[in-house]
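Residues annotated as repeat 'LRR 2' in Swiss-Prot, with sequence analysis given as evidence: 113-135. Here Swiss-Prot flags 210-233 as repeat 'LRR 6', drawing on sequence analysis. The repeat 'LRR 7' annotation in Swiss-Prot covers 234-258, and the record cites sequence analysis as its basis. Annotation comment: Swiss-Prot describes 320-340 as transmembrane segment, evidence class sequence analysis. Annotation source Swiss-Prot lists region 'CaMBD' at 358-373. What Swiss-Prot lists as phosphoserine is SER406, SER616, and the listing cites similarity to another entry. The region 'GBeta-binding' annotation in Swiss-Prot covers 557-584 and rests on experimental evidence. Annotated compositional bias 'Basic and acidic residues' per Swiss-Prot: 695-709, in sequence order.
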Amino acid sequence: MLASLIIFVALLCNVTVISGLNDEGFALLTFKQSVHDDPTGSLNNWNSSDENACSWNGVTCKELRVVSLSIPRKNLYGSLPSSLGFLSSLRHLNLRSNRFYGSLPIQLFHLQGLQSLVLYGNSFDGSLSEEIGKLKLLQTLDLSQNLFNGSLPLSILQCNRLKTLDVSRNNLSGPLPDGFGSAFVSLEKLDLAFNQFNGSIPSDIGNLSNLQGTADFSHNHFTGSIPPALGDLPEKVYIDLTFNNLSGPIPQTGALMNRGPTAFIGNTGLCGPPLKDLCQGYQLGLNASYPFIPSNNPPEDSDSTNSETKQKSSGLSKSAVIAIVLCDVFGICLVGLLFTYCYSKFCACNRENQFGVEKESKKRASECLCFRKDESETPSENVEHCDIVPLDAQVAFNLEELLKASAFVLGKSGIGIVYKVVLENGLTLAVRRLGEGGSQRFKEFQTEVEAIGKLKHPNIASLRAYYWSVDEKLLIYDYVSNGNLATALHGKPGMMTIAPLTWSERLRIMKGIATGLVYLHEFSPKKYVHGDLKPSNILIGQDMEPKISDFGLARLANIAGGSSPTIQSNRIIQTDQQPQERQQHHHKSVSSEFTAHSSSGSYYQAPETLKMVKPSQKWDVYSYGIILLELIAGRSPAVEVGTSEMDLVRWVQVCIEEKKPLCDVLDPCLAPEAETEDEIVAVLKIAISCVNSSPEKRPTMRHVSDTLDRLPVAGD
């Protein structure tokens, strides 16, 4: 630091001889002097003979004052000089992915107008100064992938405008400061992974109501129980608590519900759902998770001596045993009579209507419903449900209301007809009618549909209820009014115009799809594979938030007799929009290792799906990569080149081989947004890695999602 100050003073002494540079210009020259290696020559045009520094690479000025210094990914090697403190108007400092080392100068924290400090991917070390609390306007703090140590200073809570806090992959330790959750109510991204943090997770963590993506506490040394307040985080947030020292029952509240066991692995002391380990010895927690277990039940781990004593003291007399047996026999007979009565009612029910259910059955629907999903065990394979079977506690409609509703066809496919249904109360639903077979496979159908119904995530289309009979199977979803991604990108026959998606909208869609797939792959009960991901299966909800649909549909259709398991589903739930169409112009480029794939099957299917192999999550990664290419290029997966046709992956490969500029690959509708070029290139590189012909070389969806989360979306 002393050396940099001497250099700075020496430069100031020569100000009249050298040029008219102001103090900020000389501060930047001191920064250049502190860089010992500049292999790309990124600082070559930083010359003392210039009138000001505003034309230098990486420097942005406003009214001749430096407001931004951004020199990422240049492999610069050096340290930060204290002279940076003279950049009094600096708002943004981005030095990510270089080779800077040493501690951060205290003067850096005196830049009270600083809004973003992005230093990830360097070798900075030392502890964070208490002076950091002076950065009251700071919104982005990314210090990940460095060598920082010590604890988070208490003063960091004064940076209460933070939206991004990423200190992952350092050597930070100690507990999180008290009041952590209450201080950062504006926080949208939190990543504390791969450090040495210890102590308990703050009880006020649920106050982070604006969090998005993944709240990552993984690979630390957090102890104690999981605070129930953690469930108060938005449902869209993934909570990663893996590989800590947490113990006790997992609270079944809010964002912690419907999480698969992978979110909690590496914590040997945790118990209760979704883990298989029951909470022995945590009586209060056990009752919280299982409300029907009385609090005076003895613990299961009582010693054998006590157990034997209890067995002796609780023995039953012969008369009591005989009475119990007689009651059981009477009960079985009563159940048999009830079942016979209900079965006769089932056979009397006749169904045919606008979905295949006859109008006269409306009057008898309530009589037929003897077995509801929440009232009894599954009946025989030939059972017929005469009412809607809800998969969501909020389902408040029945079959009779559904039959009275106005309905019209939205589309048809090989897996049945899709209707838009508007109930009398205004609720709009999408109803898919499956085949008329599968009468002997009810249990199989029920198992599948209930598993799908448990998937609750903002980026997964919700299956609300179903209906089953020998002649009819209906799947009932929330209606999504903005159509699907295929229509949003390319229009459909009969459309005259279509409003092009902006880059921000496309990026939001990319992130949402990735987030939904991460949920399917890592947080769903069985680590599912979608297997049929394509734009027509991506519905567009409010604020351009995507919803992945048709998960498990091909399997259900096969059970219902509507299709072969090899037929790919093609959901056609679309909006009542104005007729639109887009001309297919389009174009872009960048380099990486990948191999094109083309076959007579779906362009979205990975090459290995042509072999009879077990479904893999890497299939979905490949399909996602094709969708990314489609969003960037604005082209269909089959590209017309002259009189011939080429698949999109091969077309991009040709553009790279011919070293075409990015604008030749980019959708022309995105051309005016030239300032987003770095983001587009970053996404293109992700897409290319996703469509690698080798499944092992494709990234996981978690890695893809985390990478995309680093890219800001306008309006977020």
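The backbone N, Cα and C atoms fix where each Cβ goes, and this holds for glycine too.
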Chain residues outside the repeat 'LRR 2' (113-135) and at least six past its termini with a C-beta under 8 angstroms from it: 72, 88-104, 106, 141-159, 166
Chain residues in Cβ proximity to the repeat 'LRR 6' (210-233) (below 8 Å; excluding those fewer than six residues from its ends, i.e. six or more beyond): 163, 168, 181, 185-204, 239-257, 266, 270, 285, 515, 518, 702, 705-706, 709, 716
Tally of residues which DSSP labels helix, strand or coil - the repeat 'LRR 6' (210-233): 5 helix, 7 strand, 12 coil
Folded-back contacts onto the compositional bias 'Basic and acidic residues' (695-709), same chain, C-beta under 8 angstroms, at least six residues removed: 189, 212-214, 507, 510-511, 514-515, 517-518, 521-522, 593, 606, 608, 616-622, 624-625, 682-683, 686, 689
Within the compositional bias 'Basic and acidic residues' (695-709), residues counted as helix, strand or coil by DSSP: 12 helix, 0 strand, 3 coil
Chain-internal residues near SER406 (phosphoserine), provided their CB is under 8 angstroms and they sit 6+ positions away: VAL421, VAL422
Helix, strand and coil counts within the repeat 'LRR 2' (113-135) (DSSP): 5 helix, 8 strand, 10 coil
For the repeat 'LRR 7' (234-258), the number of residues DSSP places in helix, strand and coil: 3 helix, 8 strand, 14 coil
Chain-internal residues near SER616 (phosphoserine), provided their CB is under 8 angstroms and they sit 6+ positions away: VAL529, GLU608, PRO695
